[in-house]
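Asker: Input: one structure, supplied below.
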Amino acid sequence: MILPALSRARSQGRKLLAVLVDPDKASRENLEALGRYANEGMIDYFLWGGSLVNEVESSYYLRLLKAITEVPVLLFPGSVYQLDEHADALLLLSLISGRNPELLIGHHVTVAGRIKQMGLTTIPTGYILIDGGKPTSVSYMSGTTPIPADKPAIAAATALAGEQLGLRLIYLDAGSGALNPVDARTIRAVRAEVVLPLVVGGGIRTPERARQSLNAGADMIVVGNGLERDADWLPQLAEVVRGGVRIA
Ligand code: 1GP
């Protein structure tokens, strides 16, 4: 149901907002605040995952969030230990900007049976890291080099290869806490090359940065860090996502 919803939003020119929750940094107060905003229609999806996650706590907080809101939660796993049957779907990430075979196919083989057993819906995702101006947890933990920020053609060719391989979603990520979000030229180049839904995240900490990513062609933006301690600016962010987006 998630992929058709994304495609429908794309064909209608509607932009979407996903909020990333790192379960290791979650708190009841923050989840309740985010859940309220979600119930007011400001959040389309939650992404759930992080680089280092305590499985037990993660499961507790995920169930807490599911009790607060019906907005779908998509697993965005930092490792094979981050599967949870309480989620609505799994972003089955293939790190196609990297050359680490474990993150292209190895881990997928390890957890394939478990995913099937849990009945988790999978969303095959071409995950592309773009240099965000400083080393991030994801580049370090994955042992991969992000695509340089000033090489949009490489990002576009990578996304196109992902589409040709049959992946269903492209996620351009500067990494959580990135200094610089994914550059508009890179987003435009990828947008021009593929028809798949395009998700962009990493380093989006202001409504203006969100607007730039959306104007450049992102269908959905992901915001994590910037809302972890302070969710008060979410209404402004949602306003940018919901309306007034000029398509560049
Ligand atoms: C990271 O795209 C997400 O994978 C969100 O990044 O935490 O910097 O918003 P931030």
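Glycine too: its Cβ is placed from the backbone N, Cα and C atoms.
Model, not experiment: these values are computed from the prediction.
For reference, TrEMBL lists these features for the protein:
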type: BINDING; residues: ASP22, SER51; note: Mg(2+) binding site
type: BINDING; residues: TYR171, LEU172, ASP173, ALA174, GLY175, SER176, GLY177, GLY202, GLY203, GLY224, ASN225; note: sn-glycerol 1-phosphate binding site
Asker: Whole-number answer please: how many Å between the C-alpha atoms of SER51 (Mg(2+) binding site) and GLY175 (sn-glycerol 1-phosphate binding site)?
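Answerer: Taking the Cα atoms only, SER51 (Mg(2+) binding site) lies 11 Å from GLY175 (sn-glycerol 1-phosphate binding site).
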Asker: Test of understanding: give the count of other CB atoms lying within 10 angstroms of the CB of ASN225 (sn-glycerol 1-phosphate binding site).
Answerer: 17
Asker: When you measure from the Cβ of ASP173 (sn-glycerol 1-phosphate binding site), how many other Cβ atoms are you left with inside 10 Å?
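Answerer: The answer is 28 other Cβ atoms.
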Asker: Can you tell which of the binding-site residues (ASP22, SER51, TYR171, GLY175, GLY203) has the fewest other C-beta atoms within 10 angstroms of its C-beta?
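Answerer: Comparing Cβ neighbour counts within 10 Å for the binding-site residues ASP22, SER51, TYR171, GLY175, GLY203 gives SER51.
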Asker: Are there any residues at least 6 positions away along the chain from GLY177 (sn-glycerol 1-phosphate binding site) with a Cβ closer than 8 Å to its Cβ? List them or say none.
Answerer: THR136, SER137, GLY202, GLY203, ASN225
Asker: Please go through the binding-site residues ASP22, SER51, TYR171 one by one and keep those whose C-beta falls under 6 A from any atom of ligand 1; give the result in sequence order.
Answerer: none
Asker: Tell me whether ASN225 (sn-glycerol 1-phosphate binding site) sits in a helix, a strand or coil according to DSSP.
Answerer: helix
Asker: Can you tell me the CA-to-CA distance separating ASP173 (sn-glycerol 1-phosphate binding site) and ASP22 (Mg(2+) binding site), as a whole number of Å?
Answerer: 15
Asker: In whole Å, how far is TYR171 (sn-glycerol 1-phosphate binding site) from ASP22 (Mg(2+) binding site) when you measure between their Cα atoms?
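Answerer: Their Cα atoms are separated by 17 Å.
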